[in-house]
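Copied from TrEMBL, the annotated features are:
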TRANSMEM  B:25-45  transmembrane segment
DOMAIN    B:83-275  domain 'ABC transmembrane type-1'
TRANSMEM  B:87-111  transmembrane segment
TRANSMEM  B:118-141  transmembrane segment
TRANSMEM  B:147-166  transmembrane segment
TRANSMEM  B:201-219  transmembrane segment
TRANSMEM  B:254-278  transmembrane segment
REGION    B:297-336  region 'Disordered'
COMPBIAS  B:325-336  compositional bias 'Basic and acidic residues'
Amino acid sequence: MRFYARRVGFYALTLWIAVSLNFLLPRLLPGDPYTILLARLQRSGDVSPAVQNSLRLLLGATEDQSLWQQYVSYWGNLLRGDLGVSVTQFPTPVTDLIAGALPWTIGLVGTATILSFVLGVGLGAWAGWRRGSWVDGVIPSTTLLQSLPYFWVALLFIYVFSVELRWFPIIGAYDVFTFNGPELSWAFVGSVLYHAVLPAVTIIISSVGAWMLGMRNMMVSTLSEDYVMTAQAKGLHTRRIALTYAVRNAAIPSVNGFGVALAFVVAGSLVTEQVFSYPGLGKLMIEAVRNNDYALMQGVFLMITLAVLAALLVMDLVHGLIDPRARHRD
Amino acid sequence: MTDQPTDRPEVRRPARRRPSRDAKLVVGLAVVGATVLFAIFGPMLTQDPRSSDNPVLVPPQPGHWLGTTSLGYDVLAQLAEGARGSLLVGVVAGLLAIVLSLVFGVVAGYARGATDEGLSLITNVMLVIPGLPLMIVVSSYLEVRSLWVVAIILGATAWPGAAVVLRLQARSLRSRDYVSAARVAGESTPRLLGMEILPNLLPLLTAQFLFAVVLSILGEAGLSYLGLGPNGSITWGTMLNEAQGGGALTRGAWWWFVPPGLMIAVLGCAMSLINFAIDEVIDPKLRQAPTAAKLQRKARKAGLDITSPAHDDDTPRPAPASRAPDPDDHKERVQA
């Protein structure tokens with residue numbers, strides 16, 4: 001029980017710190033985001049006093065309230081789900097925009113993360129099993145892929161496959177000329193998959209190396225354990241030694257890492273989304289930054305943090321449930 | 001080949017593994033050295049990177065070895081100037097990150113108790129708050145960003161990973177006999193940390209530093225690409241940002257956007273190579289097990305039955321050699 005209480009406490013504390021950062025940053029750093037934002041807002045139409053007030057709370061314009069009072073009202077607004085309104089798409093509340101973008105990010109980055117994990121752990125286990133052979137010589141070098149600037153790889157892909165060869169579309173998540181919006185039809189699903197190929201391949205290339213090297217190294221370590229030698233001495237079948245004795249134990253750190261990677265899916269590929277103009281959270285946030293749409297920017301940051309923390313908490317609780325050692329260590 | 005049938009793997013191992021590790025190290029150091037030289041001397045030899053009196057968007061040719069941009073800047077000159085910016089950001093951010101990870105990692109790992117709890121809590125909080133979005137938020141509120149400001153933002157978000165690694169290692173070093181001996185002999189805590197713990201963390205520190213530098217150069221490139229990089233300075237990231245804005249992709253100007261990314265990629269790979277070499281020093285298992293397995297396979301192919309009858313062509317065997325010098329030492333590291 002102590003384990004669960006500690007984990008929940010830790011994430012609650014982190015959430016409180018993240019929200020407070022969100023509250024303090026615009027107030028502590030130089031610049032006057034509220035005035036910039038209000039000036040932009042008034043160009044696009046009338047701004048009601050209620051909206052002005054909510055934005056002032058978000059961005060901390062100088063007012064006769066004390067910092068503490070502002071902080072309390074800020075939390076009040078957050079708990080009511082009021083994150084302000086967007087400037088770029090004027091009367092739309094920030095929460096609606098986030099809700100529209102979230103599924104795209106989760107769909108694309110989530111799928112790519114799962115594929116990358118399966119591919120990386122599979123190849124890593126193979127390389128570790130055949131340690132010292134040519135496979136093992138090739139696999140570690142793929143971790144060099146991690147040092148590539150992933151958005152630059154995306155640019156290269158667009159240049160080669162979209163501009164020169166015209167195999168794939170340059171931007172977007174689906175064909176906007178054929179479909180007015182998301183709909184339920186095979187043609188639409190096909191279009192979505194077709195548009196997701198290049199972004200997904202970019203994400204996989206930049207992350208698969210880490211899985212491979214981690215798994216390969218654990219595999220090498222595990223294979224020199226005494227119990228593997230015992231298994232061989234007993235004359236067990238090679239496949240059984242490889243899968244049940246080696247891979248199963250060597251994969252534990254990778255599986256833990258996979259949980260964390262899944263949790264960071266929403267934060268994962270902001271820049272890649274921007275390169276491909278993929279309508280996820282990353283593009284939403286960067287567009288907000290470009291247009292000084294501070295309320296939207298803060299909303300996305302808060303949402304990303306919240307999602308990451310919630311996912312990590314679930315992972316931790318599940319981990320504690322299935323692995324008693326985790327409960328006792330803490 | 002002077003293969004002698006009686007040669008046992010153990011005897012030949014040192015001679016075998018050296019070249020591979022040294023090759024990684026030499027290639028890595030050579031590339032990093034060349035990039036540093038390019039950053040120091042390149043800007044002196046090329047034209048003014050901010051001069052636009054050149055023909056616009058010409059492909060590579062004599063005089064403009066990497067072509068020009070849509071505003072008439074010489075790409076090679078920008079690349080040289082950008083090397084200075086990117087390296088400066090990377091090294092400053094890397095140093096800041098390593099100093100922070102020393103405080104939050106080594107001190108926490110050594111101190112234990114309440115200090116450890118407090119410092120680890122901060123590390124863990126920083127670890128789970130998504131870094132890139134935080135950097136984007138902070139950068140967007142700062143309207144004036146110099147190279148130094150960007151470096152500080154990157155360094156201040158890049159340290160938690162290194163701190164976790166260093167803390168575990170410091171904890172394990174703390175309980176070694178020689179540290180206990182020094183403590184009993186009455187050495188002060190700062191001296192213990194500086195003279196006993198730190199020297200043994202040096203390979204790990206170097207690896208984490210290089211990693212932080214690569215991460216920061218990549219981070220700077222990402223921020224700059226989004227238009228949140230240093231104002232008024234040229235880095236590889238701002239070049240990519242301008243290339244994207246200037247339509248380099250659709251106009252087919254590959255000489256504009258390929259070189260900056262390639263420089264980052266090559267530098268990053270070189271630093272990773274150095275890190276691999278360091279990794280193999282830190283964890284002997286990584287270099288001994290594959291070499292031993294390879295030697296056994298070779299010997300079997302040469303008709304030498306060095307182990308029990310093989311039931312498969314290359315069934316890997318737990319290499320006896322890999323159990324080598326100090327088994328306890330291995331276990332501790334693997335767990336860490």
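The chain as shown is numbered from 1 upward.
Even glycines carry a Cβ here, placed using N, Cα and C.
Quick caveat, the model's predicted, so the values are computed rather than measured.
Of the ranges B:25-45, B:87-111, B:147-166, B:201-219, the one with the most Cβ pairs under 8 Å to the transmembrane segment (B:254-278) is B:25-45.
Only residues 6 or more beyond the boundaries of the transmembrane segment (B:118-141), in the same chain, are considered here, and those with a CB under 8 A from a CB of the stretch are 103-105, 107-108, 111, 150, 153-154, 157-161, 163-164, 167, 219, 222-223, 226, 228. Note on the transmembrane segment (B:201-219): residues 86-87, 89-91, 93-95, 97-98, 101-102, 106, 132, 135, 151, 154-155, 157-159, 161-162, 165-166, 169-170, 173, 236, 264, 267-268, 271-272, 274-275, 278-279, 281-282 of its chain, located 6 or more positions outside it, place their CB under 8 angstroms from a CB of the stretch.
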